[in-house]
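The annotation transmembrane segment is assigned in TrEMBL to 6-25, 37-54, 103-122, 134-151, 186-205, 212-230, 236-257. Annotation source TrEMBL lists domain 'Inositolphosphotransferase Aur1/Ipt1' at 70-248.
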Amino acid sequence: MPNLMWTWQEATVIAGVLAVGWGALLRRRAFPRAQPFLREAALIIGLYALWQFAGSLSGNGTYAAVGRGRWIWNSERSAHLLNERTVQDWVLPHPLIVQATNLYYDTMHFSVMIVFLLWLFARHRDAYSRWRTTLALLTASCLLIQLMPVAPPRMIPDLGMVDTAMKYGQSVYGSVAGFRADQLSAMPSVHVGWAALVAVCVYRVSPSRWRYVGVAHAAMTVFVVVATGNHYWDDGIVAVALLIAALLMQWTARRLWQQRVTARKDLTKQDAERGGLVDVR
């Protein structure tokens, strides 16, 4: 199956072209409505390029990556979490379902995020910058952790997980199994992190009954990343924890800023009163 996702080099070029286009329009003061779109598209695709680049760097230390993956697996068994192999066993007898999960894993991750950002930018512009920042914080924190390579369960034979994409010729990594750098970034799951962000934002921002579609996508993503053998439960748990941390960080920053603004206003008012600039009639 051809890789439907851009490489970091391709994404960097596209982001650069968009940034140059935005700069040109900005200087000429032309097409003002297109300028914000080009700016945000360049920023988001640039962020995607960084994610792909981090994945390409995580291949150093294949042996350690397998060891970390096995440690995560054993810790989950100690915590009595549902075995990922059990989830995969539900779908393996049904080839069409397996192929559908492979396709969902490969195509829906980035495409849903693009549609989500376009929808948010066009329909809820006032909330866009806040959630765009959340996306940046979440992705950046995931990238830092992914610099430490972790092998996914499908790449550790003794765990008993099947590489479903390789089995049906749908692997985006080629037709030959092996340890490639961009496959050793299982922890945390950006797929789950992004899907959870979409679910939370759509539910909070949209008054429509269709806001539950985001929740359904997040649930489906969790199922798919496990059923295909690409992630452990802990990968998704850590991704959601990072999303919560990003939201709390923004909430704290907004609260501190509001307190600072209020304190400045109070100080200005007190100075004005002492200077006799306030009419007290």
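Positions of Cβ are set from backbone N, Cα and C atoms, glycine also.
The transmembrane segment (37-54) and the transmembrane segment (236-257) are not in contact, since fewer than 3 Cβ pairs between them lie under 8 Å (pairs 6 or more apart in sequence).
Residues 1, 4-5, 36-37, 40, 44, 48, 128, 131-132, 135, 165, 170, 172, 190-191, 194-195, 198, 201-202, 205, 214, 217, 220-221, 224-225, 228, 230 of the same chain, all 6+ positions outside the transmembrane segment (103-122), place their C-beta atoms under 8 angstroms from a C-beta of that stretch. Put simply, of 6-25, 134-151, 186-205, the stretch with the most CB pairs closer than 8 A to the transmembrane segment (236-257) is 186-205.
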